[in-house]
Amino acid sequence: QAPIKATCEDMSCKTGFPEDVHSAVVSRSVHGGQPLLNVRFRSCDGNKKIHFGSSEPEDFRVGEDGVVYAERSFQLSAEPTEFVVSAQDKETQQEWQMRVKLTPEPAFTGASEKDQRKIEEIIFPWQQYKHSSPLKRQKRDWVIPPINLPENSKGPFPQELVRIRSDRDKSLSLRYSVTGPGADQPPTGIFIINPISGQLSVTKPLDREQIASFHLRAHAVDVNGNQVENPIDIVINVIDMNDNRPEFLHQVWNGTVPEGSKPGTYVMTVTAIDADDPNAQNGMLRYRILSQAPSSPSPNMFTINNETGDIITVAAGLDREKVQQYTLIIQATDMEGNPTYGLSNTATAVIAVTDVNDNPPEFTAMTFYGEVPENRVDVIVANLTVTDKDQPHTPAWNAMYRMTGGDPTGRFTILTDPNSNDGLVTVVKPIDFETNRMFVLTVAAENQVPLAKGIQHPPQSTATVSITVIDVNESPYFVPNPKLVRQEEGLLAGSVLTTFTAQDPDRYMQQTSLRYSKLSDPANWLKIDSVNGQITTTAVLDRESIYVQNNMYNATFLASDNGIPPMSGTGTLQIYLLDINDNAPQVHPKEATTCETLQPNAINITAVDPDIDPNAGPFAFELPDTPASIKRNWTIVRISGDHAQLSLRIRFLEAGIYDVPIVITDSGNPHASSTSLLKVKVCQCDLNGDCTDVDRIVGAGLGTGAIIAILLCIIILLILVLMFVVWMKRRDKERQAKQLLIDPEDDVRDNILKYDEEGGGEEDQDYDLSQLQQPDTVEPDAIKPVGIRRLDERPIHAEPQYPVRSAAPHPGDIGDFINEGLKAADNDPTAPPYDSLLVFDYEGSGSTAGSLSSLNSSSSGGEQDYDYLNDWGPRFKKLADMYGGGDD
């Protein structure tokens, strides 16, 4: 690195550039935005506004402060680079120019680094103004050229770079410092400066791939920290070394190319990157193909663009059916592919040859055979096999079949098996052996996509399919089916109705005649001859039957043959029954109600006839001549074809139930008539015409069922009342018996709840309940064993004498007997409960509670008054004597 020199030149003030040509030495590699030099322009009038420009604006830019920057990154050639810098006064439009010559610095060689290196000296620029004089003297300004430092330097460290000095250090004691990334900002400590001498040094090797340049600022202050000089910028560029191999983005690259592609067809692009400077030879990569496998049909089927990495075809003959995949070894080398100095790396490119439809499907045989039973559908009758050399299960391999002849009625279709690619000839319509015994189909097969251009093969393949129809036993069928017969109802049993026969479609089978039988006859009116199919009646045909719907009666018959297997067919006979006047009309409703008086007393009635027109309405209504009271008391008037009105003829008719016969005649030919009884209930009515004695009339007219129901209800009610009375009497008896056994004053069951029993233990349950029933039948004490009473301690006293009850006492003296026994028990000291030790459960030792087995309580209750124990009866007499006796 050559030292930077500055000279001072005193001259009178003249506006413009101080020199016509300015030369500067810069690094060979120039980065975009990098400051290169400072052009000096002298303006005698400090208020002028100067605009700087460059003759090469795409490469260089001049700032307002005169600093020349690189507009883009590029490499300087060995020859000097020249361009013109212009300065223009914005007001007067006066322009000045200066030619700038940039010379690249000589290449750095590590062997002579120590010999050629001379420490540069950078002096802070300064200006001195003499206010008494109109002239200014100023020191020449400059921009410090960047300091170029190669990466990966081996030292020794710290390595001196440049010395920063201010010419004021002759009169002042100065301190120097640097700031910025790499000095006092992360990464800190890379650059250091001697604060006294201003010597700037680097402390360790640099790596351009991490930080390509450092921008530092140098400061000069006095011992008091006061700024002496304006800070100056120092740019340190890290010179790239070829220390990184190219790296492919992927180790294996996958691409495809259609078979049959022409030379020059683009296949894929492989990309490698180099961490070195891409604008220098260290980062400029070149690609080439090292090998191709397989090498058929040519060892050079592909080529690669050495700069972009694009792979293209260079030879014809790609055939997937022969070679399905190519593997290429790609090499990337930096230093523009220099095999001597460049670093290399390799990757694999796998190119799959994709299929195109260059092979049509071909039938494996010219004729295929199949057979199908007649009347069968959805049956596969033949498999059509084809071969296709294209890639399986692709549109270029999938076959489509179609019939080109031999099936004018569309009884067959051909489906494609997706797995085997076979054509499945399938029957979709029934085939009759008696009509067609054989089919000869012509079929064609082609791919789902058309053949590629330039293929010489025909686009489709054709074959013939011969299908034989097999005769099977078919079911007989009735003709016609259903068969309609019109017949008047009333046809007598044994009459011939019609003949219903079937036909057998099997003309080429040796079979006997058909046999007929009845399958369905809801009313059981018909029978059929098993040989000739003649149908005769077995009962009278009745149109009004429940089995006839809309005048139609349906019966089903069966025809069977004796083929193998036997087959049968059904036929339906529909008999349309014509109506005859065989039913007389009836009155509806059967019961009615009217008032005793003449007004209002009209009853509306309707005639009902199961027959239809013309054997039904309009109807004629009249009253019979006998008995004479009918016409005397009643009158009837027809109000329409089906309705009439019955009313009283007399002013008053006593309340009751009357049977009124009404003669109704239809319009049939001949007429049919009948006498219907209308049960009329005559009752007393209020002003509104409503009956007021309906209960009496209805009761008089109750039927047998209603009377039986009422009697059953009454009997059930009486039984319930009787059961309630019996229950009440039993409850009273139980209550009286309890009163005899328990004094009401001593009965505490309603207010004492027993949660636990801590009496005399299990032995207290040994009671002889027979004393309450027949005390005199109890065995004497001499016979009863001693240990049956108690097994623990008990006081020894004479056994008291309890009263003896007579063998047949009166129920009234039971209470006296119990009271006497109670008194004896109270005076019996041996009667439980008495003081004894009873163990119910063991709850551990060491209880803080005292024992309850003794009644000795003199230590705690000496001052209590126990006289109330005398009021508790004889059982507490002992306690009263012990505690209630006062001082005694």
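Backbone N, Cα and C atoms are what each Cβ position is placed from, and that goes for glycine too.
Marked as compositional bias 'Low complexity' by TrEMBL: 845-862.
For 141-248 (among others), the entry in TrEMBL reads domain 'Cadherin'.
DSSP places the residues of the domain 'Cadherin' (249-363) in helix, strand and coil in these numbers: 6 helix, 50 strand, 59 coil. The feature domain 'Cadherin' is assigned by TrEMBL to 249-363 (among others).
Under the heading domain 'Cadherin', TrEMBL lists 364-478 (among others).
Annotation comment: TrEMBL describes 479-587 (among others) as domain 'Cadherin'. According to DSSP, the domain 'Cadherin' (479-587) comprises 0 helix, 48 strand, 61 coil.
Here TrEMBL flags 586-692 (among others) as domain 'Cadherin'.
Positions annotated as region 'Disordered' by TrEMBL: 845-866.
The transmembrane segment annotation in TrEMBL covers 706-728.
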For the domain 'Cadherin' (364-478), what does DSSP give as the number of helix, strand and coil residues? 0 helix, 54 strand, 61 coil
DSSP composition of the domain 'Cadherin' (141-248), residue counts helix/strand/coil, works out to 4 helix, 47 strand, 57 coil
